[in-house]
Amino acid sequence: MRSAFYVAIVLLVAAGSQTAAKCDQDEPQHAPSNNFMASFDRVDQMLPSQVLQASRNLKDDFMFSAGDEERTPLAPSKLLKKVKFPDSVISTASAMRTTEDVNAIEIASKNLNQLRSNKRQRIVQTPNKMAGQAVVTPPALDIPLVSVANEKSLKLPKRRTRKRPTAVVENAARSVPQHDYHSAPQDSFKINAEAPNARLYNQLITQKALQLEKNEHLEKNAREEELVSFDLLHLFEKSAHPAAGNRQEANAIKVASKNLIQLESNTRKRNNVVGQVKRKRPNRDRSPVSVANGKPLGLAKRRKSNHPTAVAKNAASSVKQHDHRVAPPEPSRLDAKALDGRINNQQITQKASQLDKNEHVDKRSWREELVSVDELMHLFDEFDKSAHPTTVSRQETSAIEATSKSLIPAESSTHKGIALTSNDVVEVGVHAPPDPDKFLVLVADNMPMILAERLKTTSPTAIMNNAARFVTQHYERLAHLESSTTNAEALSGRLINQPITQKALQLDKSQHVDDVEDIEKQFSRAVGHFWHLREVNDKSAHTTAVYRQTVPDDWNAEYAKGPKTLSQDGKINNDVKEVHAAFLEAFNLPFHQYPQETAIMLKIVQRKNKSSPNNFRTFKTFKLLAQNQMILSHLQELLAPDLKKLLGYGNMALPITLKNLKEALNVKLVIMYDLFIIFCHERVDLVKDLPPKPTPSQWIFEISTLSSGNKNRQVLPPHD
């Protein structure tokens, strides 16, 4: 285009020189250079003095318009001037043109006219990068849509304490709406200002899903969501996105609408949620857990803060989703009088409490199956196999005995919440059933802290925690039992959680029995078989593959395995053997007891003072005995029966080092002495010359009032 203008200028200069020659025919001829300069000056005089400036429209930089009247130095690209010539000059210039010049001028004029006729077209986004700008891709359908405020450029300077937005702020505000393809919706119903989480209302599919629930006229299939017409979606596009006019937004909305029509409410799966951990359904063999509704506030109060933090809210939300339930609002599900609410949370116990409420049962829709005698016998057989690796107290069996005497045929629910499984848990010690002729022991709930105070440590160590956990599980009770017959309001709900007891409680609540006469004939046989099972259980309970310490046959071999003593306190005699044997028979000991340990403890108990378990001299004696064990192999053999109980199981077990074994022996001696001093003051007929029983503020063990113990034992009255 510029070449065409240069050709026109050359022609105009030539025409001007020809005109000047005609006007000065009477004057003498001069040098060619002088004639050229004179002609150029004359042409310059004929030109107007207006200076042309580029148009302000940057996209039409080939157009020019007149500017100011002043002559100012211009850039080389702006030296071109648009002038008007007389008709005589134009005709003269046309006469001097050659064929090539005419063709060039025609081509240039055609190009110029074509450029002028073309309208400015909208730039279509391409997948390639444009000049200095990154192309914005359409948003993915599975990513939440983000709304941008219309006055974003005005809000940014307010946050930066400025009155007007700067160029950087305007560019940033312009880039954000282009990235998200739309500005904030104007309609108030699209975004609820009172909603605590506005992201839900900003999602296109979620908005449409919320509207679907408001439809009152459903199709024949009530489980499928009602289809949305494209006309409604078209109106939704116009109302929700007034600024979304490009093709990318239209395509995104169409794809979203197609996906929305294919949604079905009855086929949505919880495990296919993007970005969330898949949770398994709760196991029916495990006890259901109820979660409090105000869990975030409860966590905040425990942390002494006014409001729950984001971490507390996330943790509370995860726990609720994990257990699939919140705390039941109905008070009838939980008994306020029961101190242990676990029995009411058991599925079978809840079913037993609902049996009395089922008065009107539709036989055609739902009917609980009657339990035949054969099924009851099979249940007893399974209990016989699985119950006696665990601890089943004699008080519980006596309660079962009392309940079974009033057995009548009954219904059982087809929904069995707890399945009888074997107790062969990996790397977990099996506890022997308690003997009714031995003392029942209660364990303090703060046993780790008591051990830490007695062993002079700031906090319980791992060995102390392991020992306390095992002892608590070994005796399986932390509080007194109010009576030998455990009822529904007992402190310990273990009996109600037993399968046989649950079945026995349900038998008394049965009201709808069809074959009453037939079952009554077989009732006596069922009860007789039940008593036979109890006798077999009593005989086999103490012969199971469970470690139980007995009186040694070879005292010398037992003494050789025990700890090494440096003084005569560990020397055994007939009195020590008698006390040691009685101590083994009086309790279900949690740890192995050696004769020399009994001899040392007997010396401590017979002191006139400083015999309390909390006394510093007692602690020093046991610590010195543990420090004297210098051989690792001997110490490991000494603690072999109790090694896993003290050091832990599996991957959580502590390494077998001399330091850990010494601490384990020290912890074991402190625990066993607390039990031994109780035994000595209970058996005053066997242990002579005892001082008054100490009354320390903290005890690890306590004898239950339900204990029978040795029938010939004598109980010493408590001392002040």
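Cβ atoms are placed via backbone N, Cα and C, with glycine included.
Swiss-Prot tags one of the stretches 56-71, 216-231, 296-311, 360-375 as motif 'RxLR-dEER', and that stretch is 56-71. Computed over the motif 'RxLR-dEER' (56-71), the whole-number mean pLDDT of the model equals 45.
Secondary structure at Asn609 (N-linked glycosylation site), as computed by DSSP, is coil.
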